[in-house]
């Protein structure tokens, strides 16, 4: 709130920014190019609710106007005519308008479409090739036909077999049929039919050309003459359809919610695993292709591979620790009620016989793991708030846990007591042992990076890790010469360990960075963020 929302026009050939247009407040809801690329029309969100027409060659606004009458709701979509640079359409909650652009007088003049008794919320608009009619997809699950010349409502349909959760995307086919995407993931071809009883035109779904995708359909794009088309869903998946057989294949996927953790198997850089809401996914590092998806309807906070690579252990919001086979994704075992307020951090010992978990209530628990049973060995109660990160020493004699209560505790894993406690005025987010294990390095919400002595828990030095926002993720190189940080400033920074200097900065994330890891072969850094992105960077050293 309170900030301008920019529209950026890009030069497609050179992949460079052509211009930045700033006028709308808070949000830009939709935009459309005119058929000859002379103009761009943009539509502001509910706090702005204005339509602005821009001259692309001059990079300036021609004119603007409120998107709808004061009594109407939010306007959601805008579409230009196919053959006229001075005609466009907008639709939304209780509003449907045809606009005429008068460039000479710098005015846009709206005409409200007469809908009679029908009330609809329009989510998408498609215009017929000759501009004689335009079609509107609604949240009710039907399609409206409007005459462009008379600006009168003609008919709507399908009357009985409506699209569940609304019509969310449309594309016009050369045959005159409409390709429709629904909010429930239905993709179908709709044809115009005439009702035999009252001779009225209506719409009808074609039974042999209907399919379903995972998640609601967000966009439909035709390729060429429409022999193939692509469908994007709200579960962040892109499908390629073959029109003749009406079959589809998944060609791209990623997480649709914040990615909480990223981990590589020991000594393996070809694969990595990430976790998010509802699933854990295993990816091929070089191809960026999803190899395995493990679906559980719950939020996963953290994951780790067992040292032998034979299982993935995971920490879940419902208080369970789940282990899965990495080849098939089948469940290996579940530890129920591992923590009362959800499991928030997890780590495997290097011997592969134990798991250490941290909970939302602050307890650190050690579990014995064998193929036949899983047993609680000890619960260590010192932290007062959730445990955010756990790291284990190479000899499995000691581990360090970071918590959002402002402490990091170094635990003795033989006697199950604390050896040292590190205090700081911050919510700790991450902690790492230096490879030689005489120091730990921490960071959190105070934007500081702290170096601490393991032997007596004293702080040796403190660096400013970021100018704005918490540092959420950190990883140290196997030799300890460099480490990498990322956080709410959306930047990846590579640091020299001894000098405390930044050597490289990576700009690419559009959401807060949650976690990052250096690949075991030190060729790449993989980082994950709250917007569901997974980015792979070349490791500079």
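Including glycine, each Cβ sits where the backbone N, Cα and C put it.
Pulled from TrEMBL:
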type: REPEAT; residues: 21-64; note: repeat 'WD'
type: REPEAT; residues: 336-369; note: repeat 'WD'
type: REPEAT; residues: 380-414; note: repeat 'WD'
type: REPEAT; residues: 464-505; note: repeat 'WD'
type: REPEAT; residues: 506-541; note: repeat 'WD'
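Same-chain residues lying 6 or more positions outside the repeat 'WD' (380-414) and placing a CB less than 8 Å from one of its CB atoms are 341, 344-351, 354, 356-366, 420-433, 437, 440, 442, 444, 452, 454, 457.
Counting only same-chain residues 6+ beyond the ends of the repeat 'WD' (336-369), those with a CB under 8 A from a CB of the stretch are 301-308, 313-321, 323, 375-392, 394-396, 399, 401, 403, 405, 409, 411, 413, 416. Long-range neighbours of the repeat 'WD' (21-64) within the same chain, counting only residues 6 or more positions beyond its ends whose Cβ lies under 8 Å from a Cβ of the stretch, are 1-9, 74-85, 88, 90, 99, 101, 103, 106-108.
The residues of the repeat 'WD' (464-505), classed with DSSP into helix (H, G, I), strand (E, B) and coil, number 0 helix, 23 strand, 19 coil. This prediction places the mean pLDDT of the repeat 'WD' (380-414) at 95.
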